[in-house]
Each structure stands twice: as C-alpha cells, then as structure tokens.
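*Asks:* Below are the features I grabbed from TrEMBL:
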type	residues	note
DOMAIN	137-351	domain 'Histidine kinase'
TRANSMEM	16-36	transmembrane segment
TRANSMEM	43-71	transmembrane segment
TRANSMEM	91-111	transmembrane segment
Amino acid sequence: MAELFINKISKPKQSLLSLLSVGVVSLVCTIFSAFLGYRVVALILLVTVSLLAISFDILPVLIAAVLSALVWNFFFIPPRYTFHVGSTEDLILFVMYFVISLVNAVLTYKIRLIQKGTKQKEEKASTVKLYNTLLNSLSHELRTPIATIIGATDTLLANNTKLKQEDRGELLAEISKASFRLNQQVENLLSISRLESGFIEPKMDWCDINEVVYNAIKRIEEHKYTQLISVNINPNFPLFKLDKGMMEQVIYNLLNNACLYTPWNSEINITSLNHANILEIIIEDNGNGFPEEEIKKVFDKFYRLKDSSTGGTGLGLSIVKGFIEALGGSIYLENVRTGGARFTINIPADTVQFDRKPELWLRRKF
C-alpha cells in the first residue's frame, strides 16, 4: 500500500518532499547543535537520505544527497556559516560524506529496481500458473458434460428404434444432468468475469429470504444429493431490499459446496436472523470442516482444497464473496468445534415487515 501511494506522487512533489525532509532534519539538528557534534549530524543526515532512497525515485534522492552535504558543510562543519572547511581532516570527511550519500542513493535505488523486477516476475509466474489452472479445470469441467451429451445423443440417434423406453429415459436424464452442469460452469465464468470487470451492479428490490432459500434448494435437489437440508427462519421475518438473483446464487453455491464436501445423508442447517436491519444467514454442516491453513484461501479464485477429489473450477466460493461484497456485506468461515464448517453472512439492508403463514417455513426440512 505504501509503495502504491509513493508511486502516485509526481517527481516534482518527491523533490519538494526531499528538500523539506532535509530542511526539517537540519533545523532540528541546529536546535540541538549544542548537544550534537557535527560528525553525529552527518550520520543523521545520511540516515535521512537513506530513508528517502527507500521510497523515492533517484533524482529527488540525489538532490537530497547534494543538499544535505552542502547544508552539513555550511551550518555544522567548523568554521560554521561558510563553505570553507577549516581542516584537512574535515575536508576529507566532507568529500567522503558526499560520495557515500550519492553511492548510497544509487545503490538503494538499484536494489528497489531489482526487487520490483523480481516481484513482477513472480506476479507473471503466478498469472501463468493461474491461467494454466483455469485451462486445466475448464478442459475437464467442460469436456466431461460435453462428452456425456454427445455420447448420449449419438446413442439415441443411432439406436432410437431399438432402445427401450426406460433406456431412452436414462439417456435423456444424462443429457439433462450434463447440460445443467455445463450451464452452471458457464454461469460461474460469466459471474467471475462480471466481478473482475467491476461492471456488476446489484438490482435492489424487496426480497423474501424464504423464497430465495427455497429456490436455491430446488436447484440443489436437481443434483440428487442425499444430504438433509434444514431451514430455520423466524415466521415474522421481514423483507430485505437486496438483489434476489445474487442472493439465490450465494445460497446455492454455499449449499452446493456443503453437499460436495460432506458425507452422504449428513445434515446442513440454514438459519436466517435480522439484527437491526442487518441480514445474517448462517449455513452450517456437520462434515469434516476445512484445514485451518486453507481457511483464508478458500475464497480465492480457482482455489481448491489440496486433498479434494470433487473436481470443480474453484470459482464457487470466490463468486459468493464477490456477490456479498457487491451488496455491501461480508462473509466469515470457521470450523465448528463439534465438526463441520460454518459460513456466516452479514449484509446491511432496508427491511419491511411481511406477514406469511408460519407453518410454511418454520423448521422445514428437504
């Protein structure tokens, strides 16, 4: 952050700041000159130039180095207030200071350039690695459903009259499932593209969280997962002004992630709470949880758990975080002591009371 801030400062401003820095340090040294020898002042000015060299470009630092040498000579080396140097020893000391300050400025600047070049190479290598990861993931995640669709379609076309009705139904079900998976990957790519471009704008409207959760669960049911999803929402839960599509995708991605990484027939709990116009949604499972060292990485793009065998592009949780932040909220992941993982979402939003039949959504299971 500091480097980005410094890079935004123009060279004229850097030169001005360098002059001011040398001036302020020299003034302080002048005030305490009775307690400081002129050789100590030289070290203080040299440190000042070194600190400037860490942050600023070479030209402002060279200006500071030359100015500090002249200031030290004029105000501190005996006889004071003249550029005349009284002794050969002080003259040699002045020349050495001048050379050391210039060399120090140049070397520090070159070190910064080397560090910057190394950082750029690392970022480039990371980008290439990310690109390869994306290609490898997509080649598998897109090729598999496409191959399934082509294979099932070819079988139907070649043996349409010979196939039994139940066999034809199974092939059509495979095509439908593969198409759904393919569409899901395309939607993820489009979502991450929108987030990266910064062109995503939530379409805020009054939103029934019950309906959002229900729609997400209906989409999950199409995968034929065996987990039991339990919904716990207050019967007097208000409407929230949110983007319904975003919220549904967030809930769906979190539920899909939980179903992929928890044992069959395990339970997933969804709880929604209202804290003074802040929507809180908690999705908790009783699986194995996340490795502690990977918890902070799971929201990164294309990141998949090291020991994962479930496949995927690693975009689901990244999209979740991006959508929630676009809505002005936050998401927190933690492991549950008794086992499993807990995602906690908090989104500030306007609310309005809405009456519904309590028996529809109070502790409903799917």
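For all residues, glycine too, the Cβ spot is worked out from N, Cα and C.
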*Asks:* I'd like to know the mean pLDDT over the domain 'Histidine kinase' (137-351).
*Replies:* 84
*Asks:* Counting only residues 6 or more past its boundaries, what in the same chain has a CB within less than 8 Å of a CB in the transmembrane segment (16-36)?
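*Replies:* Apart from its flanks, the transmembrane segment (16-36) reaches 9, 44-45, 48-49, 52, 56, 60-61, 63-64, 67-68, 71-72, 75-76.
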